[in-house]
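Now, the feature entries from Swiss-Prot:
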- 13-19, 41-43, R306, 332-334, 415-417: GTP binding site (BINDING)
- D14: active site, proton acceptor (ACT_SITE)
- D14, E15, G16, K17, N39, A40, G41, H42, T130, R144, Q225, T240, R304: IMP binding site (BINDING)
- D14, G41: Mg(2+) binding site (BINDING)
- H42: active site, proton donor (ACT_SITE)
- A300, V301, T302, G303, R304, P305, R306: substrate binding site (BINDING)
Amino acid sequence: MGKSVAILGAQWGDEGKGKIVDLLTDRVKYVVRYQGGHNAGHTLIINGEKTVLRLIPSGILRENVTCLIGNGVVLSPEALMKEMGELEACGINVRERLKISEACPLILPYHVAMDHAREAALGKNKIGTTGRGIGPAYEDKVARRGLRVSDLFDKEAFATKLKDILDLYNFQLVHYYKVEPVDFQKTLDDVFAVADVIKGMVADVTTLLHQARKEGVNILFEGAQGTMLDIDHGTYPFVTSSNTTAGGVATGAGFGPRNLDYVLGIIKAYCTRVGSGPFTTELFNEEGETIARKGNEFGAVTGRPRRCGWFDAVAVRRAVQINSISGFCMTKLDVLDGFETLKICTAYKMPNGEIVEYAPMAAKDWEGVEPIYETMPGWSENTFGVIKYEALPQAALDYIKRIEELVGVPVDILSTGPDRIETMILRDPFVA
């Protein structure tokens, strides 16, 4: 009997999902992206070689895996072709192993232009988007005016829709944001220069998935970003534009919630966040700088430095609630090597003095929130690359156990380095 497993971030993204997806893909037939776009940077280190995937599922590096892009993903033709070119230059067969839902909304140049214009206009109050047009593309989807992959099959109808949409966007870009308009003919020509390649990969993703389940093969769903960036459940408005939570598997791939057998939440042994928004345990001292330096905390897509802080059990408890998380994979434990003491946030003190154990929903409700910490002893031993659980320092084992107690979910996988071999699988999601 095959298993269906979802892997998702349980913090603010950048938890190390790409490595874990790649690690587990030797067990599966299909790897599926179900939300987000090329704003997701999944970094893989295999035999010392670094690969960053932004749009194509991480399973593409395994020859026996078919990769699917579900309807919940916003697809940039330009980004797709660039990523395909990079992979094919390395000898990886993409075109025969990548299938795309025809219901995917397209990201086009006017979405990118609008993204940049809005962030520039907001100034210091900007959301902190990646500037890749993700939000505006999702806006068009909800407004029911967006162009989709299916529209590539009729160039004349596509051109008519494109003209109407560009009239709307260019009016705003020129008259409100005072920037250059997007050229209609260039946009049309650029899209249709690659349309045949994309059309050749179109498939009924939902039917493929349900056939695979009937056949008893393993399926892995690859989430992007993190739970606390979810459009509905994150620190709104400092969120992404898609559902980064387990529910996105149903809406973004047509695979119902009862069909998921296991949800693996990825957590760092500490916390990071890119961009603006609440971050209760953020460190502004030497400890934060040390974590950032040792953890190489820079965005895979943007290169922006990540904000760093202590592990926030309150936020992760919220992720457990929202996603029905079965087990965790903890990454970057080795980054905490050498700290004399470590802190875990166990509760929040609200501005009115109330002590709460669950995270607020809206960003405004985080204002004035103070972390309540529990201090634990650190360890001086080196844990980098350790692959036997019993070989870890006792203080590290105690730290992991305490986090398990606070969030109510076991750590089933432990990562002590960037390479796929630097991992301990304590309980296999496809066997559990």
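Heads up, the Cβ atoms here are built off N, Cα and C, so glycines get one too.
Annotated features, which come from Swiss-Prot, shown on the structure.
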{"residue": "G13", "record": "GTP binding site", "CB count, 10 Å": "26"}
{"residue": "D14", "record": "active site, proton acceptor", "CB count, 10 Å": "28"}
{"residue": "G16", "record": "GTP binding site", "CB count, 10 Å": "19"}
{"residue": "K19", "record": "GTP binding site", "CB count, 10 Å": "25"}
{"residue": "N39", "record": "IMP binding site", "CB count, 10 Å": "27"}
{"residue": "Q225", "record": "IMP binding site", "CB count, 10 Å": "29"}
{"residue": "R304", "record": "IMP binding site", "CB count, 10 Å": "13"}
{"residue": "P305", "record": "substrate binding site", "CB count, 10 Å": "12"}
{"residue": "R306", "record": "substrate binding site", "CB count, 10 Å": "22"}
{"residue": "L333", "record": "GTP binding site", "CB count, 10 Å": "24"}
From D14, K19, P305, R306, L333: recorded positions whose CA lies within 10 A of G41 (IMP binding site):
D14
In the structure shown, with every protein chain counted, which of the binding-site residues T130, T416 has the densest set of Cβ atoms within 10 angstroms of its Cβ?
T416
Compile a sequence-ordered list of residues in the same chain as G303 (substrate binding site), six or more apart from it, whose Cβ lies below 8 A from its Cβ; state 'none' when nothing qualifies.
none
For D14 (active site, proton acceptor), which of the three DSSP-derived states applies: helix, strand, or coil?
coil
Anything within 10 Å of Q225 (IMP binding site)? Look among the recorded positions G13, D14, K19, R306, comparing CA atoms, and list what you find.
G13, D14
Roughly how many angstrom lie between the C-alpha atoms of R306 (substrate binding site) and D14 (active site, proton acceptor)?
9
Secondary-structure category, per DSSP, in which N39 (IMP binding site) falls:
coil
Per DSSP, three-state class assigned to L333 (GTP binding site):
helix
